[in-house]
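Taken from TrEMBL, the feature transmembrane segment applies to B:6-24, B:45-65, B:77-95, B:123-141, B:161-181, B:188-207, B:241-261, B:282-302, B:322-354, B:374-395, B:401-424, B:431-450 (among others).
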């Protein structure tokens, strides 16, 4: 691996860290006050669940998607 | 006509025997030859097994008893469990691979070995080990209590509390002693699957039976007792600050549990660790139906509240008149949760005693005989720790929960040390001691002696003081040698597959 390649690789690693770090920070903030305060309500009911309940179900999914994207991005172009 | 409870216990015992069979079959010829094989499974756990080991360990008797109990008695505050399950493993994306790298390079098998090597203090290893054991024993006791309680309720008292708890944990102890981490892996796969199925079956069946569906149930709660559906919950159970800091402390402290470090040392690649983190939040969906069950209890037991909220799920299952065959399967699923967590706890606690206290303090010379002796010692401690927890479960003091919370808050105090280990070269031994001790004391003070400031979780208060003192005292003391600290910061950046295993691992030093 020559130096230019290594440089590019490190830059990419850092970019992933910033973008996904920001994403997961949003996920965390969504589940604590003050942001969670906006979701602390019964209406609208989604899939039969009160909104605050649904809010938690939603962010579980968002974290899952975030992890999946990070993984695919980190190992993109690498063979198993 | 066979009484119902005979059918229930017949199914459950068949299940227990099956788990025992699978756990023992996992035994291979290599098991037992070295401590490393026994504890970290020769560092070659695959994704499938690893995922279920982690799930089995996280979902304990608490998921089936305490979780629904909380939703039933307080309402929305119980949702914080789902919140921290979603967030809890995220820091592990960075810390997990780094832990695995240093483990492979320097032969660590426990969390305390890693931390005490960085801060060059054997006493620190013993302190961390004691804190961990202090956290594990009450946690294991709660699992045994849960198992005994489940048996007693489902068999209408025909199998007494002590016998149910004893049988469940006898089986756990046998397969952990015989097969080590591998025995846990294969049984966890079965138990993990059973738990998921059982949780959803109960959740759907109970809401349908009593309300006609999930939407109808929440509709009625919104009309008759809306305070349960939002923070602060029933009778102001949890303020927004308390809720938020509880989510934070759990999300931050989650990755400090020592058994997580053990599993990282057992993982065969960084991809495996990361794949586990990806799937992990989905475990939160196991808790969703169990929360439904808790909410179902809100209106049903409105006029006559249950003496013990944790029994809400069992009470509803028994009331719904479902067939004893199904109750047997449900009981097996809930027992699986208690047993699989118990197996991991006993296994990790025993390896901590042997590695971090015995080996670290007495420093016996490395040899093949010593390796065999260590494996035996680990087995002996699996038995001793399980027995201690069983005896504690018989007394079943209510203070155990308080003990566990205190221990959890103490575990969180390791976070600044671990972060500094990987990222901050300037952290010193004195700083580590100052932070850990002050943080733990502050946490204990606000847990037991004074109401938390501004409703902030005691663990977070401890964490703030801890971090401040770690930084302050480190800066005020002489830096540690550059070569030593570089080893941790730089070596933890090298990907796992590029690291050569050390040919021979010295028993004491890292």
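Glycine residues also receive a Cβ, built from the backbone N, Cα and C atoms like all the rest.
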Region pair the transmembrane segment (B:241-261) / the transmembrane segment (B:161-181), three or more CB pairs under 8 Å | no
Maximum Cβ pairs under 8 Å to the transmembrane segment (B:123-141) - stretch from the list B:6-24, B:77-95, B:188-207, B:322-354, B:431-450 = B:322-354
Among B:161-181, B:188-207, B:322-354, B:374-395, which stretch has the most Cβ pairs under 8 Å to the transmembrane segment (B:282-302)?
-> B:188-207
Other than its close neighbours in sequence, what residues sit by the transmembrane segment (B:6-24), given a CB gap under 8 Å and a spacing of at least six beyond its ends?
-> 151, 154-155, 158-159, 167-168, 171, 174-176, 178-179, 183-184, 186-187, 190-191, 324-325, 327-329, 331-332, 335-336, 339
Cβ pairs under 8 Å with the transmembrane segment (B:322-354): which stretch of B:77-95, B:161-181, B:188-207, B:374-395, B:431-450 has the most?
-> B:188-207
So are the transmembrane segment (B:161-181) and the transmembrane segment (B:374-395) touching or not, going by 3+ C-beta pairs under 8 A with a sequence gap of 6 or more?
-> yes
